[in-house]
Structure formats: C-alpha cells, structure tokens
Amino acid sequence: MPSELHVFAQVLFSLLSFMLSPFVRRYIRAASASCHVVTTAGLVCAAAWLLVPLSLSASSLFMACVFVLTFVCPALLVSIHKYKAKINGPWDEAVPHIPRDLHLPPLLA
C-alpha cells in the first residue's frame, strides 16, 4: 500500500466489517426472512463478481460450489434420511431407572 494511512484505513475497514456484520445480519434476519435471503444472495453474487477480474474459472467454480453446498447437499441428506437406522449402544446417554416403590429411610429426629 502506498502509505501507512492506507494500511490503517484498510485494517480499520476490515475490522469494522468483520466485527459488525454478524450483528447487522442478525438484525436483518429478525426483521425479515425474505430480506435476509436477498442479502445473502447479494453477498454471494458480489463475491463471485469480485472474483471475475481475477479468474472467470475461479468465479464459476465458486458459484458451482455455493450451488452444490446450498441446494444439492441438503437435498441428498433429505433423500437418504429414510435409510437412517437408530443404533443403541454404550455411547448413548444414561437413562436413570428409578423404582416406583422407592422406600426412603425415616428421618432422624
């Protein structure tokens, strides 16, 4: 970067955007689900558009990966859910068995 001021501005902008974006995204999600979807799609498209000057193939690969991870993988998980089997074993949580006719000792007076 040409000067220390440019470096400072870059670092400050990066810190602010990465620290504040989760709060802004949470506020948008609470305000409107459709606005949240549009914001997410806009950010993905902006990232792909910013990759185009570097490499068109990298941008295409990025969009393909986003599509696969967003639509194809969840669809596959939903489709194979019917084959899921519940297996019980020693790794499961312990379930306490308390007898119904539990007799407590008398209190000492």
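Heads up, the Cβ atoms here are built off N, Cα and C, so glycines get one too.
TrEMBL lists 6-24 (among others) with the feature transmembrane segment. Proximity of distant same-chain residues to the transmembrane segment (6-24), defined by a Cβ-Cβ separation under 8 Å and at least 6 residues beyond the stretch ends, is recorded for none.
Positions annotated as transmembrane segment by TrEMBL: 31-52 (among others). Counting same-chain residues at least six beyond the ends of the transmembrane segment (31-52), those with a Cβ under 8 angstroms from any Cβ of the stretch are 25, 58-59, 62-63, 66.
Long-range neighbours of the transmembrane segment (58-78) within the same chain, counting only residues 6 or more positions beyond its ends whose Cβ lies under 8 Å from a Cβ of the stretch, are 44, 47-49, 51-52. What TrEMBL records for 58-78 (among others) is transmembrane segment.
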